[in-house]
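A.B. asks: So Swiss-Prot lists these for the protein:
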TOPO_DOM  1-36  topological domain 'Extracellular'
CARBOHYD  N2  N-linked glycosylation site
CARBOHYD  N15  N-linked glycosylation site
TRANSMEM  37-61  transmembrane segment
TOPO_DOM  62-73  topological domain 'Cytoplasmic'
TRANSMEM  74-96  transmembrane segment
TOPO_DOM  97-110  topological domain 'Extracellular'
DISULFID  C110-C187  disulfide bond
TRANSMEM  111-133  transmembrane segment
TOPO_DOM  134-152  topological domain 'Cytoplasmic'
TRANSMEM  153-173  transmembrane segment
TOPO_DOM  174-202  topological domain 'Extracellular'
TRANSMEM  203-224  transmembrane segment
TOPO_DOM  225-252  topological domain 'Cytoplasmic'
TRANSMEM  253-274  transmembrane segment
TOPO_DOM  275-286  topological domain 'Extracellular'
TRANSMEM  287-308  transmembrane segment
MOD_RES   K296  N6-(retinylidene)lysine
TOPO_DOM  309-348  topological domain 'Cytoplasmic'
LIPID     C322  S-palmitoyl cysteine
LIPID     C323  S-palmitoyl cysteine
REGION    330-348  region 'Interaction with SAG'
MOD_RES   S334  phosphoserine
MOD_RES   T335  phosphothreonine
MOD_RES   T336  phosphothreonine
MOD_RES   S338  phosphoserine
MOD_RES   T340  phosphothreonine
MOD_RES   T342  phosphothreonine
MOD_RES   S343  phosphoserine
Amino acid sequence: MNGTEGPNFYVPYSNKSGVVRSPYEEPQYYLAEPWMFSCLAAYMFMLIVLGFPINFLTLYVTIQHKKLRTPLNYILLNLAVADLFMVICGFTTTLVTSLNGYFVFGTTGCLVEGFFATTGGEVALWALVVLAIERYIVVCKPMSNFRFGENHAIMGVAFTWIMALACSVPPIFGWSRYIPEGMQCSCGIDYYTLNPEFNNESFVIYMFVVHFIIPLTVIFFCYGQLVFTVKEAAAQQQESATTQKAEKEVTRMVIIMVIAFLICWVPYASVAFYIFTHQGSDFGPIFMTLPAFFAKSSSIYNPVIYIMMNKQFRNCMITTLCCGKNPLGDDEASTTASKTETSQVAPA
């Protein structure tokens with residue numbers, strides 16, 4: 001083994017020289033230079049400074065403007081709630097641990113940080129699944145006369161949290177575990193060992209199949225069908241130009257969210273899968289640190305995409321920030337006119 005395993009941790013560094021210490025008790029500066037830990041702290045500070053206000057603003061603006069409380073927006077706002085949990089309960093923890101060079105909050109803090117990071121990522125993934133299915137049903141119309149309503153949205157939100165918790169809760173109760181990873185300043189699922197005491201192997205297989213491969217397969221299937229249907233409808237002019245334009249723009253926004261998710265999370269999932277399938281292989285702490293910390297940027301991109309590509313929300317946000325007046329003078333009537341009856345979302 002090219003790493004050192006101990007109670008509730010696995011350090012990717014051989015202890016032949018005797019320098020390895022518990023990541024819960026002492027700084028891990030033998031893994032990387034102190035300035036690298038400072039860079040991690042600065043990065044986490046940036047995510048907190050950007051992530052909290054933009055996600056909070058997304059929720060606040062929606063509460064202030066009733067017209068934004070539409071069924072499909074419930075799913076999008078659900079992402080903001082999950083991101084806020086990640087920022088408040090996860091990122092603040094990682095900021096402090098990075099400043100100290102080790103996980104100062106102990107095993108309980110590691111469990112909390114790992115839980116919220118995993119939950120946030122899984123809520124985002126399953127929300128994208130719900131959005132993909134909604135787009136498929138609305139655009140492809142496999143069920144005639146179906147309208148995505150408030151009850152469907154509430155069920156979709158509940159579904160995302162049930163599936164996310166089905167992934168993040170088991171390690172708390174002994175099916176796998178949360179341990180520090182990379183430079184030992186953030187926590188995640190134990191991909192590093194096959195510890196039979198925690199049944200790591202079965203959980204990692206379950207996680208990759210049920211909570212990564214299956215949802216991505218559903219997403220790709222839905223959008224594959226959707227692209228084909230949109231092209232066919234455009235060729236046959238089956239719907240009005242306004243409806244087609246609105247549906248295409250809503251779909252484009254969701255597809256961009258999927259691409260952003262893949263950019264953020266596929267590197268982490270790929271590295272985790274490599275480590276799991278190459279037990280005992282030689283890899284450094286930075287090998288897992290970079291994708292793990294890069295994945296945390298997912299807390300920012302969803303609201304940014306939503307704000308940039310949703311004109312109605314953009315106007316409402318400007319109105320809220322400017323104390324009830326929109327200095328740009330955009331006509332809300334032109335915005336709401338572009339809404340579709342099926343999705344109730346007004347894209348840019």
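Start at 1 and count along the chain as shown; that gives each residue its number.
Using the three backbone atoms N, Cα and C, a Cβ is placed for every residue, glycine included.
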A.B. asks: So, in DSSP terms, is C187 (disulfide bond) helix, strand, or coil?
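C.D. replies: Once the DSSP labels are grouped into three classes, C187 (disulfide bond) ends up as strand.
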A.B. asks: Going by Cα-Cα distance, pick out whichever of the recorded positions N2, N15, K296, C322, C323 is nearest to C187 (disulfide bond).
C.D. replies: K296
A.B. asks: Where else in the chain does the topological domain 'Extracellular' (1-36) make close Cβ contacts, counting only residues six or more beyond its ends and a cut-off under 8 Å?
C.D. replies: 100-104, 106-107, 110, 177, 179-180, 182-185, 190, 192-193, 195, 280-288
A.B. asks: Around the C-beta of N15 (N-linked glycosylation site), how many further C-beta atoms are within 10 angstroms, looking at every protein chain?
C.D. replies: 14
A.B. asks: Under 8 Å, at least 3 Cβ pairs, sequence separation 6 or more: does that hold for the transmembrane segment (287-308) versus the transmembrane segment (37-61)?
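C.D. replies: The answer is yes, given that the two segments have at least 3 Cβ pairs within the 8 Å cut-off.
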A.B. asks: Please compare the recorded positions C110, C187, C322, C323 by how many other CB atoms fall within 10 Å of each one's CB, and tell me which has the fewest.
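C.D. replies: Fewest other Cβ atoms within 10 Å, among the recorded positions C110, C187, C322, C323, is found for C323.
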A.B. asks: Counting across all protein chains present, how many other Cβ atoms fall within 10 Å of the Cβ of the residue listed as 'N6-(retinylidene)lysine'?
C.D. replies: 23
A.B. asks: Test of understanding: give the count of other CB atoms lying within 10 angstroms of the CB of N2 (N-linked glycosylation site).
C.D. replies: 12
A.B. asks: Find the shortest Cα-Cα separation between C323 (S-palmitoyl cysteine) and the recorded positions N2, N15, K296, and name the residue that gives it.
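C.D. replies: Going through N2, N15, K296 one by one, the Cα closest to that of C323 (S-palmitoyl cysteine) is K296.
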A.B. asks: Of the recorded positions listed here (N2, C110, K296, C322), which is spatially closest to N15 (N-linked glycosylation site) when Cα positions are compared?
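C.D. replies: For N15 (N-linked glycosylation site), the spatially nearest of the recorded positions is N2.
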A.B. asks: Say you check the Cα of C110 (disulfide bond) against those of the recorded positions N2, K296, C322; which is nearest?
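C.D. replies: Nearest candidate: K296.
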A.B. asks: So, by DSSP, how many helix, strand and coil residues make up the topological domain 'Extracellular' (275-286)?
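C.D. replies: Residue counts for the topological domain 'Extracellular' (275-286) by secondary structure: 5 helix, 0 strand, 7 coil.
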A.B. asks: Kindly report the helix/strand/coil residue split of the topological domain 'Cytoplasmic' (62-73) according to DSSP, in that order.
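C.D. replies: Its residues fall into 9 helix, 0 strand, 3 coil.
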